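Per TrEMBL, the features are:
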type	residues	note
ACT_SITE	187	active site, proton acceptor
ACT_SITE	194	active site, proton donor
BINDING	14, 15, 16, 17, 18, 19, 37, 38, 39, 79, 80, 81, 107	NADP(+) binding site
BINDING	107, 133, 134, 135, 190, 191, 195, 265, 292, 450, 456	substrate binding site
DOMAIN	183-472	domain '6-phosphogluconate dehydrogenase C-terminal'
């Protein structure tokens, strides 16, 4: 309902589905919510459809919207990332006062958030870059929320965000991630892990199909996996997608009439680019991004299909259940590596930018409400809470299961290679696992080559300092310090 005499507890700018659903969620939790959209008709439509769900204060003018808010004002922007966000900031900031809070709930790049937060800090306005995951349903029923910004701002906006978030065992799936861009950084990596997770699921499905299973049979396999340690939202909906028939009544499975090209919105790419800048290996996420790129390159794929020879992507299976179990183990192992890489990226960024990111809290708020919610996250949270981990892979329960499951993992990748079934995600995860456990890699030769052609120097295992061999001279070694 509309109440023009009341003052709103919080306001939402942007009445597209995510913004309107988040506003409705707030109203359902007892907050008085001011509404504003650039086009007034959209605000009117939200009120017509949902105005009886709580106390709403709709406004057609931005100044009226701001005037309806209690001080300090709490404004949540749910607008498209990029130029649109900057445009809204430019409009709303002149109407705000020092101490007011402006929340960016879109998928903004964390460096943009850092820039905006620094600029508004000079005016006394708190800018809170906030990752929100869970899609349209999550926004309405309870998302996972990853706020950044100052601790002071979280004291004011945190109670609202925590109340509307998903909850697990009474704990909100919302926690302060750190200053300036920390919240959007954590959300970016969440999305990167999501890319990897979906890639692994696709590879598992491809392997089951290569072994002769129908989509319906594969759906049953995924449904079974969702009752065990692979229990997760993505596994759950995979079973649903695979079991669905073409709604046009052709009799075909829907999965077989969906074009084999996966789109991207950019957060996976950001995750990989940022990791490269920091020198962090997120190869599983990278392979997921590249796999989508290849899927969306029809000319390249047509040329490859016409010119390249190889096995026929058929896997002969004598022990069907044994093969299914092997694929399940490979999927679990790869998922763990992706989480490990993503959390390593967050940890590295926290060190670089001075964020106080609590890794156990990150895992905790991902347990529900978000796209990557999974039973595995409870274990990850518990391990980070109990141990000072350099990498998730060294966590006691994780390393034990990786050790017992790696035989299956290796068999699956070998069989896929023999059959010509592409599993770049599974393979990159295993490659990373073997790299980090190896006492010595091939980097010494790489550095030797770099020194020969570019005088890039090298370090020795038996002495301090940097050294260079006079490759074009007498072959002696000189100090490069």
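Each Cβ is built from the backbone N, Cα and C atoms, and glycine gets one as well.
Known features from TrEMBL, placed on the structure.
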residue: 14; record: NADP(+) binding site; DSSP (3 states): coil
residue: 37; record: NADP(+) binding site; DSSP (3 states): coil
residue: 80; record: NADP(+) binding site; DSSP (3 states): coil
residue: 107; record: NADP(+) binding site; DSSP (3 states): coil
residue: 134; record: substrate binding site; DSSP (3 states): coil
residue: 190; record: substrate binding site; DSSP (3 states): helix
residue: 195; record: substrate binding site; DSSP (3 states): helix
residue: 292; record: substrate binding site; DSSP (3 states): helix
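Within 10 Å of the C-beta atom of residue 16 (NADP(+) binding site) sit 14 other C-beta atoms, taking all shown protein chains into account.
With the fewest other C-beta atoms within 10 Å around its C-beta, 107 stands out among the binding-site residues 37, 107. Closest to residue 39 (NADP(+) binding site) by Cα-Cα distance, out of the recorded positions 134, 187, 190, 195, 292, is 134.
Here residue 292 (substrate binding site) is compared against the recorded positions 18, 80, 187, and the shortest C-alpha distance is to 187.
Around residue 187 (active site, proton acceptor), taking its Cβ as the centre, 28 other Cβ atoms fall within 10 Å, counting all chains. Sorting the binding-site residues 80, 190, 292, 456 by the number of other Cβ atoms within 10 Å puts 190 first. Counting in whole angstrom, residue 80 (NADP(+) binding site) lies 20 from residue 194 (active site, proton donor) by their C-alpha atoms.
Counting Cβ atoms from all protein chains shown, residue 14 (NADP(+) binding site) has 25 others lying within 10 Å of its own Cβ. According to DSSP, residue 456 (substrate binding site) is assigned to coil rather than to any helix or strand. Within 10 Å of the C-beta of residue 39 (NADP(+) binding site) we count 10 further C-beta atoms, all protein chains included.
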